[in-house]
Amino acid sequence: MANVNHGADKLAYENVNWASNYSEPNGEHETQPLRPGEKSGVGNLSMSSRAPRADKSTDLEGHIEHGHVACRSPSIRNACKSTSPGRFKASVYEVICGSKICILLVMVPVTLLAAYFQAGRGWVFLASLLAIVPLAERLGFVTEQLAFFTGATVGGLLNATFGNATEMIISILALRQNMIRVVQLSLLGSILSNMLLVLGCAFFFGGIKHETKKEQKFNKATAVVSSSLLLMAVMGLLFPAVLHATHTEIHDGSSELTLSRFSSCVMLLAYCTYLYFQLKSHKELYDEQEDDDSEASDDEEPIIGFWDAIIWLAILTVFISILSECLVDAIEGASQMWDVPVAFISVIILPIVGNAAEHASAVMFALKDKLDISLGVAIGSSTQISMFVIPFCVVIGWIMGKDMDLNFQLYETATLFITVLVVAFMLQEGTSNYFKGLMLILCYLIVGASFYVHVDVPESPRAVAVGQAVCTSHIVKSTVLMAVGRPH
């Protein structure tokens, strides 16, 4: 009998142990294995049922189980992961040492020391540039991690917003020092850099990586909406410039400022409506793109948690603000030291540094064949600068008592207008390849060369008035001399 009982116990244990590997399809019920000697009601065997134990697991896949219920939703999984203790220490390593470009972080203390001991302005400017590059790239990385918890649409918007944080900080600091022309040129350069260089590199490297597909596809409807907003921004910048160049103002020097402030308020209203269009009323246009991206990235997991990303966003923004102030203070000194026009520094060099985050993100997503996100970063960033950051700076200057306006001068406005037309034609088919990317990059080289030889001499109202008075006096003098018959 003892052998029979022992064999029955063994058979019951094996049967229940086999059953423990079975779970319901919905993952809500799992049978716990029994230990030898425990009893369960199986057939004629007299064995007591065993209550399942509550198991809290913190495995890397984020399956959090409590009792019978398993948490497998991606959003819940990521939220649970973001609140796990001790995760911030791991995020420190990922943020500070997670990329090869992080070696340039040593330039942060070097820049602060150079500015404190008042080293040469040119060297302070160069050190500030090198220090901001890794901070901007890490800012893009942290924003990308945040997108795991918010979805692709909101994530792309956050990427564009925090990617533009560097430009906005530089602009506000320069505006406070009344460097209005630097603000205008740096924001213009950011738009040109995003639309030509960043988007061009994304198209080019994505096309090279996926050459067997011949073409990469993206959502044409959303691209057309962004192109329309960019054309509206060009309209807002064009009219004050033409009004100033043709001298057809009702009130000399003040009409273009009034028009700029009114147009800025209209552009801000249009951008807020665009956000409602994108996130609420026509969300399905962007949800299709988000669903495709989520299916393609099911195996990807966030490296840092939600609150860790928020903390790092605040830390990186503070450091970028400090270094940007050093950068703005050294712009004119660097221009004199290197004999490089301020326009070239503002339009070409500053935006390349400020757009490091967008550049890295757009190329990375294009290499993963997620071209919709690349467009959201590059074109979305240009849209945000032209429809939000520039009008916002005009309003902030209005509050500060600075005469910041939308008159970017005819040469700069014409450059923007042609750039928007070129990019709009590139996007109208909804496809991209490496040749389109190469053309955009070459267009950017032409723009850079043109600003290197361009001398920027903005005319102040006082200079215009003096010039007009001088011209009038010469005309009057010539008329008098011709009337009396004397040569002049």
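The chain as shown is numbered from 1 upward.
The backbone N, Cα and C atoms fix where each Cβ goes, and this holds for glycine too.
Annotated features, as they stand in TrEMBL:
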REGION    22-57  region 'Disordered'
COMPBIAS  26-38  compositional bias 'Basic and acidic residues'
TRANSMEM  92-116  transmembrane segment
DOMAIN    123-279  domain 'Sodium/calcium exchanger membrane region'
TRANSMEM  147-175  transmembrane segment
TRANSMEM  187-208  transmembrane segment
TRANSMEM  228-246  transmembrane segment
TRANSMEM  258-277  transmembrane segment
TRANSMEM  309-328  transmembrane segment
DOMAIN    310-447  domain 'Sodium/calcium exchanger membrane region'
TRANSMEM  340-367  transmembrane segment
TRANSMEM  373-398  transmembrane segment
TRANSMEM  410-428  transmembrane segment
TRANSMEM  434-453  transmembrane segment
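The transmembrane segment (309-328) makes contact with the transmembrane segment (92-116): 3 or more of their CB pairs lie within 8 A, with pairs spaced 6 or more apart in sequence. Beyond its flanks by at least six residues, the transmembrane segment (434-453) meets 192-193, 195-197, 199-208, 211, 340-341, 343-344, 347-348, 415, 419, 422-423, 426 of its own chain at Cβ-Cβ distances under 8 Å. Applying DSSP to the domain 'Sodium/calcium exchanger membrane region' (310-447) sorts its residues as follows: 115 helix, 2 strand, 21 coil.
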